[in-house]
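The structure appears below as structure tokens.
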Amino acid sequence: MARHLITSAIPYINGIKHLGNLVGSQLPADLYARYLRARGHEVLFLCATDEHGTPAELAAKKAGKPVAEYCAEMHKVQEELANGFRLSFDHFGRSSSPQNHKLTQHFAAKLDEAGLIREVSETQMYSPEDGRFLPDRYIEGTCPNCGFDSARGDQCDNCTKQLDPVDLINPRSTISGATNLEMRETKHLFLCQSQMRDRLAEWIDSKADWPVLTTSIAKKWLFDGDGLQDRGITRDLDWGIPVRKGDEDWPGMEGKVFYVWFDAPIEYIACAQEWEEAGKGSDWQRWWRTDAGADDVRYTQFMGKDNVPFHTLSFPATILGSAEPWKLVDYIKSFNYLNYEGGQFSTSRGRGVFMDQALEILPADYWRWWLLSHAPESNDAEFTWENFQSSVNKDLADVLGNFASRVTKFCRSKFGEVVPEGGAWGERESALVEELKGKLAEYEAQMEAMEIRKAAASLRAIWVAGNEYLQEAAPWATFKEDPDTAAMQIRLGLNLIRLYAVLSQPFIPDASAQLREALGVQEAEWPQDLETDLQRLAPGHAFTVPDVTFRKIADAEREEWQERFAGVR
RNA sequence: GGGCCUGUAGCUCAAUUGGUUAGAGCAGAGCGCUCAUAACGCUUUGGUUGGGGGUUCGAGUCCCUCCGGGCCUACCA
């Protein structure tokens, strides 16, 4: 029994996330958290909404609401969707929480004390009409290189040349279209990450077991060109955490806020405080402070590859630089992207399936199974409706659902809705137990290693073993000559359903609960010894035939959905 | 431009890090079963591992080169 801290990258507040976002962090993190809990470990699984930054302000403006109100509403929406997908966060916090305000300001003060903050004066594009400084990508104009008229301030989408906004010909604000942009001087705080390069590099080098995707991105940032650069950690925005040095004002920084990527990871820690304050637990420091017990904690982060630099470099720089005993991450599981039907998911064009729409169409387990069993681990993966339909129908409806159905219905018709008595295990049953032991060990090993696709395949193989056994044992034939043996066979079948419900819980929690309810079992104890675990449902135990566990997706539905989610929301 | 990842059966993916005859699932074909959600089981077809060259007793794996796909490149988050 160990203690596991698990965090999923925190989703940005502006809008509902698509399935690619879901499978890139929250869903695999949930799988892992559920598995570890099932194995009896103590788990703290945290997530939150990431609420600061320019896009949040603009989205609120577009919605005609004060940004605080907008974020509160969207937080609620995201929380409900997380519940809908059965994401088992111990707390779903907010990066705008008072706890995070305080902690972020605290970290800034500590970093300043350590001499890791410097002030930098620079000039940035300001739009008087919008009343704000414009991030590079909110400026468009004609590309000086190729003449493309919608080149963004950071890069031209046509010729891919990297640009500086001042290079653009006829620059305009993408927010208002204003063209009267001007360069204004502004002062910002920079985190001196460059001073910490060697420490960070040494730390990354010590993580030989991390996914290549994680370490290669980190190393690229550490060593590319001039190496790790200092990074601005403040912005000229209204919505955010005010720049303060702990409890004190920060002279010259009035009216500025911390950069969202500075405060967002700190929310992982603040979230534990929110968790405690919400009355869901106690002693948050035990999870986060190595001087308060967190040395015994194994901390695992889940994220999409775009988040890797912030989790391997910026956030560790914040923690190490503070010179305080905060817990550093032990393992970073990163993911590639999920594409949609030969292209990318697109939030702006409404291409692909979004979390709310997914749940309107089918229950969470259907999505959880497909997404996890096709997680983009080694490569970008692709969602297609045909693949989704065939996976769900074959794996869930035929292999697992139908197994539960055939066993319970046969039992009902021959013995009634009660675990039948009689007969004793023979060679075939012993062989099955041995086979299952091997497959279970494999499943467990893959879950421990967070090899998600492989874990799904192993679980499926365990389901298949039940069908193979049933076919060989053929209780429908045995029953005619030897009802006692048939009773034994079907008793084992019923116990297999229970076993499957327990083992499948991390992937498909609702189906697991439904099957256990039908079988009349409350517990979901992870198997210790399959010989005894497969005899837990004893003769005389009552059950009911479950409703269809997973229904099939018809061709017509699939076609309709294909059409519906092709684009333009 | 630079860096990283990637290309394996019609489709989605493996291959214990250089070691026998490259394996699974789906789809296809054949057979069996009749308890079950027209479900299940068994057998089987299918590969010049993107092309070319090299190193090696031995290459899907290492090197070079060409072709294709993807990501990152620091002010979106």
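Keep in mind that glycine also has a Cβ here, set from the backbone N, Cα and C atoms.
The feature domain 'Methionyl/Leucyl tRNA synthetase' is assigned by TrEMBL to A:4-407.
Among residues of the same chain six or more beyond the motif ''HIGH' region' (A:11-21), those with a C-beta under 8 A of the stretch's C-beta atoms are 47, 49-51, 53, 55-56, 58-59, 70-71, 74-75, 77-78, 81, 304, 337-340, 345, 347, 352-356, 358, 367, 371, 383. According to TrEMBL, the motif ''HIGH' region' annotation covers A:11-21.
Sequence-distant neighbours of A:Cys156 (Zn(2+) binding site): residues of the same chain at least 6 apart with a C-beta under 8 Å from its C-beta are A:Cys143, A:Asn145, A:Cys146, A:Phe148, A:Leu163. The secondary structure of A:Cys156 (Zn(2+) binding site), as reduced to three states from DSSP, is coil rather than helix or strand. If you look up TrEMBL, you'll see A:Cys143, A:Cys146, A:Cys156, A:Cys159 marked as Zn(2+) binding site.
Taken from TrEMBL, the feature motif ''KMSKS' region' applies to A:344-348. Tertiary neighbourhood of the motif ''KMSKS' region' (A:344-348): same-chain residues 15, 18-20, 337-338, 567, selected by CB-CB distance under 8 Å and a gap of 6+ residues from either end.
Here TrEMBL flags A:Thr347 as ATP binding site. In sequence order, A:Gly15, A:His18 are the residues near A:Thr347 (ATP binding site), counting only same-chain partners six or more apart with C-beta under 8 A.
Per TrEMBL, the feature domain 'Methionyl-tRNA synthetase anticodon-binding' maps to A:419-569.
Marked as coiled coil by TrEMBL: A:426-460.
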Determine the most Cβ-crowded residue among the binding-site residues A:Cys143, A:Cys146, using a 10 Å radius around each Cβ and all protein chains in the structure. A:Cys143
For the motif ''KMSKS' region' (A:344-348), residues assigned helix / strand / coil by DSSP: 0 helix, 2 strand, 3 coil
For the motif ''HIGH' region' (A:11-21), jot down how many residues DSSP puts in helix, in strand and in coil. 3 helix, 2 strand, 6 coil
